[in-house]
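In what follows, a structure is listed as structure tokens, so that the remarks can point back to it.
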Amino acid sequence: VANHGESALSEASRHGHVDLVRLLLERGAWAANSLADPLMGPDQLESPLTAAAGWGHLEVLRLLLEARAEVNHVHEDGATALREAATYGHVLATQLLLEAGAEANAAEPGRRDPPLVAASGYGHLEVVRLLLAARAEVGRSVGGSALAQAARFGHLDVVRELVWAGA
């Protein structure tokens, strides 16, 4: 366990250290959901999958998914791996997670906006397109709809895409 509550697997995943992730998994690190790992304390911040998704580390994501990481795990703060990838505009990570079965609308109700709202607010057009193709609901949100978020921050192409999708 790292000194601020993160597991070694989460830290290696966040920083894209493929060989370290592979070694830790081979030695029994829990990929499925390290938050359930009995060696982890209650202050564990994020799973390895979410850590890798937020930085777009594709090879790490593949390793974790092969090791049965829970693709739809919702963290205590409402975050999901897909939401992190979408928020930071990682197109290939978003695509990989969707192909692995990530739920396009997964979010903790009342805690975090779903991936489509996050991607729209940051203007990530290609991610928005992927999420819409995966049947993300255009009206779901905590802090405003995907359309409202895109309009608020002036993302014309995203607004157009959302309107065409029925927002």
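The backbone N, Cα and C atoms fix where each Cβ goes, glycine too.
Across the range of the repeat 'ANK' (4-29), the DSSP-based residue counts are 16 helix, 0 strand, 10 coil. TrEMBL lists 4-29 (among others) with the feature repeat 'ANK'.
Residues annotated as repeat 'ANK' in TrEMBL: 44-76 (among others). Listed as Cβ neighbours of the repeat 'ANK' (44-76) (distance under 8 Å, sequence separation of 6 or more from its ends, same chain) are residues 4-7, 9-18, 21-22, 25, 29, 31-35, 37, 82, 84-85, 87-88, 90, 92-93, 96-97, 100-103, 106-108.
Taken from TrEMBL, the feature repeat 'ANK' applies to 77-109 (among others). Across the repeat 'ANK' (77-109), the model assigns an average pLDDT of 92.
Feature annotation from TrEMBL assigns repeat 'ANK' to 142-167 (among others). In terms of DSSP helix, strand and coil, the repeat 'ANK' (142-167) has 16 helix, 0 strand, 10 coil.
With helix defined as DSSP H, G or I and strand as E or B, the repeat 'ANK' (44-76) counts 17 helix, 0 strand, 16 coil.
Away from its own ends, the repeat 'ANK' (77-109) comes close to residues 46-47, 49-50, 52-58, 61-62, 65, 69, 71, 115-116, 118-119, 122, 124, 126-127, 130-131, 134-137, 140, 142 of its chain (Cβ-Cβ under 8 Å, at least six residues beyond either end).
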